[in-house]
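This report concerns only the one structure given below.
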Amino acid sequence: MTAEIRYRRVLLKVSGEALMGEQGFGIDVAVVDRIASDIAEARALGVEISVVIGGGNIFRGVAVASKGGDRVTGDHMGMLGTVINALALRTSLTKMGVDAIVLSAIAMPEICESFTQRAALQHQAAGRVVIFAGGTGNPFFTTDSAGALRAAEMGAAALFKGTQVDGIYSADPKLQPDAERYDKLTHAEVLQRGLAVMDVAAVALARENHIPIVVFSIHQKGEFARILAGAGRATIVSD
Ligand SMILES: Nc1ncnc2c1ncn2[C@@H]1O[C@H](COP(=O)(O)OP(=O)(O)O)[C@@H](O)[C@H]1O
Ligand SMILES: O=c1ccn([C@@H]2O[C@H](COP(=O)(O)OP(=O)(O)O)[C@@H](O)[C@H]2O)c(=O)[nH]1
């Protein structure tokens with residue numbers, strides 16, 4: 001399998017919502033363990049992996065804003081949720097013998113290191129899986145945008161979005177089961193057709209930096225490594 005590795009360094013964006021499994025909220029440790037084992041498997045191919053973790057299983061800032069609360073405070077709560085998820089993922093990776101570190105965009109030195117690009121690159125060069133917590137560190141952004149940003153900062157060859165669906169469709173497949181699925185698209189097509197699998201800012205940043213986006217189902221065990229090895233099921237967005 002190692003002969004045809006498609007990308008040698010990637011950033012994986014993991015949906016927060018994926019971590020709650022069948023529960024309606026929070027973290028299902030069995031699911032986090034399974035995602036960690038997928039990362040370990042991909043790591044064993046010799047691929048350098050860093051991870052941006054979402055927080056939708058715990059909190060989304062818009063939930064506060066939609067009830068008349070302050071959006072910025074809501075987004076701070078959302079970003080804190082991503083730190084909880086990052087600690088859970090690090091725990092699972094450590095359990096299976098994978099060296100991993102959490103770097104947060106929001107300083108909380110008693111809990112984890114703060115993000116700097118220099119530290120992140122050093123940890124990556126030392127063979128660690130770097131988990132980015134706290135999104136971009138700014139309200140009004142998403143962890144998808146954090147994924148595109150960190151992918152650019154880390155020199156990643158691709159941004160993998162591990163999500164609830166197995167690719168990009170002509171419309172949200174959860175709402176329109178007969179939507180057409182694409183194997184390949186350009187960044188411009190995703191933006192022009194308003195394909196909402198990722199937010200516009202994230203796709204635009206990836207396009208500007210010529211970073212391909214690979215959308216795949218995080219629920220398919222082993223899919224991450226299969227795609228890295230040139231197989232698997234995904235939609236690939238490139239120039
Ligand atoms: N054109 C589309 N193709 C695929 N998925 C879409 C599309 N439009 C909307 N979606 C929805 O976007 C979701 C992924 O976005 P988001 O909720 O931000 O996920 P995540 O929690 O993975 O960040 C998918 O689960 C899917 O239901
Ligand atoms: O750079 C960021 C990233 C995230 N968030 C907040 O954190 C929440 C959780 O992130 P996201 O919705 O991207 O998680 P996912 O959809 O991946 O589970 C968001 O709703 C925002 O409130 C933010 O304010 N800035």
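Backbone N, Cα and C atoms are what each Cβ position is placed from, and that goes for glycine too.
If you draw a 10 Å sphere around the CB of K13 (ATP binding site), it holds 28 other CB atoms from the protein chains shown. The ATP binding site annotation in TrEMBL covers K13, V14, S15, G16, G56, R60, T163, Q164, Y169, D172.
The UMP binding site annotation in TrEMBL covers G55, D75, T136, G137, N138, P139, F140, F141, T142, T143. According to its DSSP assignment, N138 (UMP binding site) is coil. For N138 (UMP binding site), the same-chain residues 6+ apart in sequence whose C-beta sits under 8 angstroms from its C-beta are D75.
The domain 'Aspartate/glutamate/uridylate kinase' annotation in TrEMBL covers 9-217.
According to TrEMBL, the region 'Involved in allosteric activation by GTP' annotation covers 21-26. Under 8 Å from some Cβ of the region 'Involved in allosteric activation by GTP' (21-26) lie the Cβ atoms of residues 57-58, all in the same chain and six or more residues away from its ends.
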- line: Of S15, G56, T142, T163, Y169, the binding-site residues whose C-beta sits under 6 angstroms from any atom of ligand 1 are S15, G56, T163, Y169
Task: Tell me which binding-site residues (K13, S15, T163, Y169) have a Cβ under 6 A from ligand 2; sequence order is fine.
output: S15
- request: List the other residues in this chain whose Cβ sits within 8 Å of the Cβ centroid of the UMP site residues G55, D75, T136, G137, N138, P139, F140, F141, T142, T143, in sequence order.
  value: G61, G78, M79, G135, S145, A146
Query: S15 (ATP binding site): which of the binding-site residues G55, T136, F140 have a C-alpha within 10 angstroms of it?
result: G55
